[in-house]
């Protein structure tokens, strides 16, 4: 045992060690040290500010440079900068070649054709179903239904099951403010027409993530369905659906959970068997093929076998291969869900393209995908911070505004009154159950403001996809996108079919949306930031001249 002065020195060293980090700074304050007491464990973290240029291993950049070579779109459009992959992704050569090959050599309709060409087309069509099951690692008895996209899929799911589930006025359907209109309007239409059921909205926390604890406390025995997106198509937040599903099912196992995976499927590898083992598997999962590098007009629905055995689903359309017997006044239908919901002639080459796309995805290193997309995401913030700062001298009333920590909001509020009303409590709740913290509140200034809505929650283990919405109260989002188009840059403006998110969470009418994918490059990110900064400056000057 140590005694005397030596023991005292060691004791003082460990007592004051955490506080010593508080005074460590380099000359330009580029590092922020987050320090916690050493008594709580070695939890000292180093975080780079937005002034610090992000880094990634060069071999990962080279890896995705090689992946990009598989996309002929970029060879044919060398001067075009494409940042609209949340709307649709480009197609690798193997997908384009397969669709062309079908029309050249294999063109035939499926099912009921006895001749060899039709038989082969049917087999190849059904193989895609097996490819999807293998890719998402689901069971053989689980259902995969082909659709023409997520909008159709969400409508099909609502209409085929709502009469079975929503039978009383007090029955509840939970949605979120982040939902695409196709996951809101079908539920609204049924409720307004039939006068049964009611819609409630899940509470969001300060960062745009679902407040799970509050959600569970709001639910009850009358809650029948929760239908939410895995990733927002506007702010890019990836919800922790496994945690959400597990907690809901533990308390209310009867609730049907529907996940819209339109934005997430191209960025996240799903493992249904693992989710089932952890009791965190959705009952239904819906996605679009064209958003994971397959053809336009394609998609699929996953329906858990446990759900399909419990309910009798209705077809949305009648005719074609869903009929087993037709009499003068009554008809009988098939029981197979895939046959029941795939009425009429399908987009056969498009469905085949989904299989080829997933075979292409199997070769992608998914450990690299998230790292690379977040590197590009951070690189954009870095360059925007750099180039917009250059404009501060010329245009002092233009602010680059983040949802950022370590800001003295109390003094800021005295000179920049916010649009939002705060109460005296630590958190506030508006009329729409959206909670936000004072310390991370986005500031809507009375002065000219340019905002990038980004709240970096990765240090808390909450993930994002590479989507960044921009907004200015000085100029229109549509003007920004139009002028960027003159510079061969493709980004999207509007409410992106998510008007509730804009109205109740972002509190703006529309945004300009940048969506990043693994075929984008650091050079494109730099050019994008340069042009947004210069275009914003120009649009401000145009306004000031009026």
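Yeah, the Cβs are placed from backbone N, Cα and C, and that goes for glycine too.
Quick caveat, the model's predicted, so the values are computed rather than measured.
Copied over from Swiss-Prot, here are the features:
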ACT_SITE  497  active site, cysteine persulfide intermediate
MOD_RES   291  N6-(pyridoxal phosphate)lysine
SIGNAL    1-22  signal peptide
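On its own chain, residue 291 (N6-(pyridoxal phosphate)lysine) has 85, 86, 88, 89, 150, 262, 263, 265, 266 as residues at least 6 apart in sequence with a Cβ closer than 8 Å to its own Cβ. Taken residue by residue with DSSP, residue 291 (N6-(pyridoxal phosphate)lysine) is part of a helix. Taking a C-beta cut-off of under 8 Å and a sequence gap of six or more, residue 497 (active site, cysteine persulfide intermediate) has these contacts in its own chain: 180, 181, 182, 233. According to its DSSP assignment, the residue listed as 'active site, cysteine persulfide intermediate' is coil.
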